[in-house]
Amino acid sequence: MQAYQRDFIRFAIDRGVLRFGEFTLKSGRTSPYFFNAGLFNSGSALAQLGRFYAAAIVESGIPFDVLFGPAYKGIPLAAATAVALAEHHQRDLPWCFNRKEAKAHGEGGSLVGAPLTGDVLIIDDVITAGTAIREVMQIIESQDGAKAAGVLIALNRQERGNGELSAIQEVERDFGIPVVSIVSLTQVLQFLADDPALKQHLPAVEAYRAQYGI
């Protein structure tokens, strides 16, 4: 586990974004942990989050020309990541996002920010069913000269969907692009094992992974 990954897990726990207990997911599964990126909801938290995304981009080595933040949750994530890349990695890259509803006046269209062209790195919080990413792929494919380079998310739950694959594996298979994450469940388990105060949650998370993991 990289230092930034350990720091991210601690940061997510401290902010209440990553919690342990008993939670019912939209899928109906009862999960021993819950991740809610919407709780990175202050200026300092967003700045720090952007630095973690930027670190994961550098670590991934994925080449790209523009960052794309899917509406709505991906918008502040892409903005914060673009700032962090410029300030901490001397990589001043363009970014853009989509509107849910196209505007008939002003700029017009459904895209805002830099032109969506070249290799596009999509920034989002998690991939649950893959539906949102499939919508984003349609947007990218509709732009001349644009193609998806990959997807970066905060947490990979490493969890099967209805079939044998996870939603992330299905996206990778269907679109031929890498999906990378700041951390995955593997690192969360490692963090729990190393933390005396949180180790009590390890058996439940391990059991959940044994049942639903990939």
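The backbone N, Cα and C atoms fix where each Cβ goes, glycine too.
Swiss-Prot lists LYS26, 72-73, 99-100, LYS103, HIS105, 124-132 with the feature 5-phospho-alpha-D-ribose 1-diphosphate binding site. Taken from Swiss-Prot, the feature orotate binding site covers PHE34, PHE35, THR128, ARG157.
Neighbour counts of Cβ atoms within 10 Å were compared across the binding-site residues ILE127, ALA129; the minimum falls on ALA129.
Of LYS100, ASP125, ILE127, ALA129, all annotated as binding-site residues, the residue with the shortest Cα distance to ARG157 (orotate binding site) is ILE127. Same-chain residues that are not part of PHE34, PHE35, THR128, ARG157 yet have a Cβ within 8 Å of the Cβ center of the orotate site turn out to be LEU25, SER31, TYR33, VAL126, LEU155. Between the binding-site residues THR128, THR131, THR128 has the most other Cβ atoms inside 10 Å of its own Cβ, all protein chains included.
Binding-site extent for orotate: residues PHE34, PHE35, THR128, ARG157, maximum pairwise Cα distance 12 Å (rounded to the nearest whole number). Counted within 10 Å of its Cβ, the other Cβ atoms near LYS100 (5-phospho-alpha-D-ribose 1-diphosphate binding site) come to 8, all protein chains included. Reduced to three states, the DSSP call for THR131 (5-phospho-alpha-D-ribose 1-diphosphate binding site) is helix. The two recorded residues, ALA129 (5-phospho-alpha-D-ribose 1-diphosphate binding site) and PHE35 (orotate binding site), show a Cα separation of 15 Å.
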